[in-house]
Amino acid sequence: MNNEDISDKKLTLQGLSKLKLDLNLNSSASPSTGATVVKKRRKKSHDAEEHNLFDESKLCSLTEKEQIFRINAVQNAALLKERNQREEKEKTAKEDSNKEIDEKNEADALSKEINKQVLSNTHLVEPKEDSIDHEDNDKKSFKVNKDIYSKHSKLVIAQAIDEKTEQPPVFKQRFGIRGRKSKFTKGKNISREVIIPDKITIRELSIRMAEDSKSVLKMFKEEVGESYRVDDLVDPDIACEIVEKFNHTAKRVSDTNREKDLFFIEGRESLPKKPKPPIVTFMGHVDHGKTSLLDAFRESNVAERESGGITQHIGAYQITTKDKQKITFIDTPGHEAFTAMRARGANITNIVVIVVAADDGIMKQTVEAINHAKAANVSIIVAINKIDKSEPGDVEKIINSLPQYDLIPEGLGGDVMIMPVSAKKKTNLDKLEEAILLIAELMKLEAIEDCRALGWVIESKIDKAKGISATLIVEEGTLKVGDILVVGTTYSKVRSMVNHLGQREKAALPSAPIEITGLNGVPNAGDKFVVVNSEKQAREIVEYRLELIKKKKEDLGDNNLDIFSRNNSETEELSVVLKCDVTGSIEAISSSIDKLGKDQVKLNILHKAVGGITDSDVLLAEASSAVILAFNVKVDSKIRDLAKQKGIEIHTYNIIYELIDDMRMYLTKMLKPVTREVRVGFASVRQIFNVSKAGNIIGCYVSDGVIRKDSLIKVMRGGKLVHEGKLKALRRFKDDIKEVGVNFECGVSLEGNVDIKVGDILEAYQLVQEERVL
C-alpha cells in the first residue's frame, strides 16, 4: 500500500481490484505471533472476510449506495491498519535507539574504569591521599577528551587487564597533552661528513659535528693534552682526528682548492666530448678595418640571411658558414678590453686575428695587439686588410716585417698564416674563414655538452625594461632557462635567454653567445660563471667569496700589492713591461736583464716600446702579473692612479745600473730558500707509561740542549732512525710546558703509533730556511 493519504481521493470501482491486491500483499507480509495452527486459522478467516468484502457477485447484488458504503468501510480499515503498522515501526526504532545509547554509556563507564586502573598501575596519577582532587580533574579531562585512546588502544588495555599481566602497557601520551621527547634523551648516533677548512674554531667544529662543545673540549684535552676555549682556532689535521673520535667522517677542504672544486666536473673522463666552434677575436690598430671585417662576416652569415633576423649588439655573435660550420666572434672595442678580461683569468679566445691595413702597415697599437695575443698564448692569424687600396709591394713589405715581432709567416718557414683580404669588396673572406676553421681543426677544440654549464661573461649592462642583463659564452656544458648560476659575488636564476638575432632560446651549447636576464647584480667582463644545484649552494659560494675579498683587503691594505708576492713558487718567473725614451736604451736594458735569469728563475719581457706608459701597458701588466719598468719616461698622474687601482707597481729609473741592481734583487727574492735542520737538544728514554686515553707517555731526561714543544723529533736506536715526527705533548709533572732545559726530566707524547723502548735517544731539531743569492 502506498504511503500517501487516499481518504480525500475519490475511490472508484475500477481501483477496487488494485486495492484488494495491495491489501492481500500487506496481510501476507504483516507479522503475526502464536502457534502455527492459530496462524493458519486466522489467515483463513481473514482471507474469507476480505473475500466476502470484495466478492464482486455480492457487490453487484447491492445497491449503489450500499456498494459505496462497503468500499468506504474497507478503505477506512486499510488506513487504520497502515497507521497501526507505522506506529509499531516507530516504537521499535525508538527502543533500538535507547538500547544503543545504554550500550554506549556502559562502554564509556567501562572505559573510564579501565583508564583508572591503568593509570594507577603506571604511576601516572598522584598518590591516594590526593586522589579526591585528581579524580575531579580526571573527570573533567575525560569529559573534554572522550576519545583520548583509539579503539586499538582500548582493546590492548582490556586484554591486559583480562589476562592480569604484571606489566600493563604504558602509553607515552597523557591526557590532553601531546607526547614530547625529553631534551635530555640521547638520540641515535648519526655519522656525519664534517667539512674541515684551513681555519676552524672549536665552536664551529662542534656545530658541524652536532656535538656538545663541552664534550669536544674534553676530547681535545684528552687527545692533545692542552686546554682550549671554544673560540680558539685549532689545527685542521688535529680537528680531523677529533672528528673521527666522535665516529664522524672528516673531509679536509683547503681554501685554495675550493674554487677548483667548484668548477670540477665529476666523471669528466667518461663523459663524451663533441667538437665546438672556435672563438675568434679581431685586434689591431685603430681604423685598420676590424669593425668592417666583422660587419662583412656578419652580412655573409647564412643563418642571418635565412632567418631575416635583426642582429642584436650583445658583444658576441655566431655565424654559420656555407659548410654548416659555426664560428663565434667576440666584438670587443680593442685589445684593452681583451686584456682586461684576461686579467680576470678569462682565456676565452682560441684564435686572434691581427688586422693590419695594407696602406698603413704595422703601427704602434698593432705591436701592442701582437704582444697581448702572444701573452695570452693563443693562435694568431694576420689579416692584411684594404688590399683594394694598397700599392704594389705593400703586402710583401708587411710580411717581411713580421719576424721582428716574433711572428714568422708560413712563406718564411713559420706557422703564422697570412691572409690578404678586403672587407669593402668582400675579397678572400671565404679563405679567411677556411683558415680559421683549419686552425680550429688542428687545435681539436672539444667540449662536454651533458654537464652543468660554465663559461665567461663578455659584457653586462642595465636596461630599464630588461633590468640587469649579461652576455655569456658557454665554455662547457649546456646552459638552460631556470638554471641557478653563480657569477662573481652574485647568484641568479636564468629567467630568459636571447641569441644575437633576438630569438629566444631554451638552451645554449658550448661556444654559443647568449644574453641572459634575471641577474641580481652587475657582473664584470671576464668573470666566470658556473651553474650550481641549489640556491643554498649558490649563497654559500657567494658568502665565501665575499669573505675572501674581505680578508684580502685586510691583508693587502690599500691594494698596494707587491708584484713579487703574486708570483707563486711554481712559476718562478718575473714578467716586465719595459718603456724607454729611445730605442738604444731598450736594447741595452733588455740584453742586461736577460743575463740575470738563471735556471732557478726566469725574467720575461712581455712588451718593450719607446714612449710613455699607457692604459694598455697597465692592463697588460695586470693580466700577466707583471711589473712596469720606466726608464727616462715620465708617468702621468692618471696612469699612476690606474696602476694603484689595479695593484700594479711602476718603477721609474734614470740610471741603468740602478734598474739592473733592482732586477737582480727581485729575482733573488724569487729564489726558493734552502731548508736545513738545526739540532736543538737530545733526551734519553728512561721509562714508558701506558695511558689508555693519551697513549704512551715517554719519560725522558734531557742530556743536551733544550726540548721545545714545537720541535721535530727523531727517535734513534743504536744509531739508526726509528721514527720521525712531531711532538704531541710536553709535560713536567702534570703541567703543560713549552720547553725543558738540560739536566731536567720530562714527559713527552709523540704523534702516531710509535714503538719506543727504554734507552732510545730523542733528537730534537727545527727546520730553518735560508735565502739564496744569485
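Note: Cβ is positioned from N, Cα and C throughout, glycine not excepted.
The region 'Disordered' feature in Swiss-Prot is assigned to 25-50 (among others).
The region 'Disordered' annotation in Swiss-Prot covers 82-112 (among others).
Per Swiss-Prot, domain 'tr-type G' is recorded for 275-446.
The average pLDDT for the region 'G1' (284-291) in the predicted structure is 82. Summarising the annotation, Swiss-Prot assigns region 'G1' to 284-291 and lists similarity to another entry as the type of evidence.
What Swiss-Prot lists as GTP binding site is 284-291, 331-335, 385-388. The 10 Å shell around the Cβ of Ile387 (GTP binding site) contains 19 further Cβ atoms across the protein chains shown.
What Swiss-Prot lists as region 'G2' is 309-313.
The annotation region 'G3' is assigned in Swiss-Prot to 331-334 on the grounds of similarity to another entry.
Through the fold, the region 'G4' (385-388) approaches residues 288-289, 292-293, 355-359, 395, 420-425, 427 of its own chain, all at least 6 residues removed from its boundaries and within a Cβ separation under 8 Å. Sequence annotations record features per position, and here Swiss-Prot assigns region 'G4' to 385-388.
DSSP assigns Gly284 (GTP binding site) to a strand. The C-beta environment of Asp287 (GTP binding site), restricted to residues of the same chain at least 6 apart in sequence and closer than 8 Å, consists of Ala357.
Neighbour density for Gly284 (GTP binding site): within 10 A of its CB lie 27 other CB atoms from the protein chains shown. Per-class residue totals from DSSP over the region 'G4' (385-388), listed helix then strand then coil: 0 helix, 1 strand, 3 coil.
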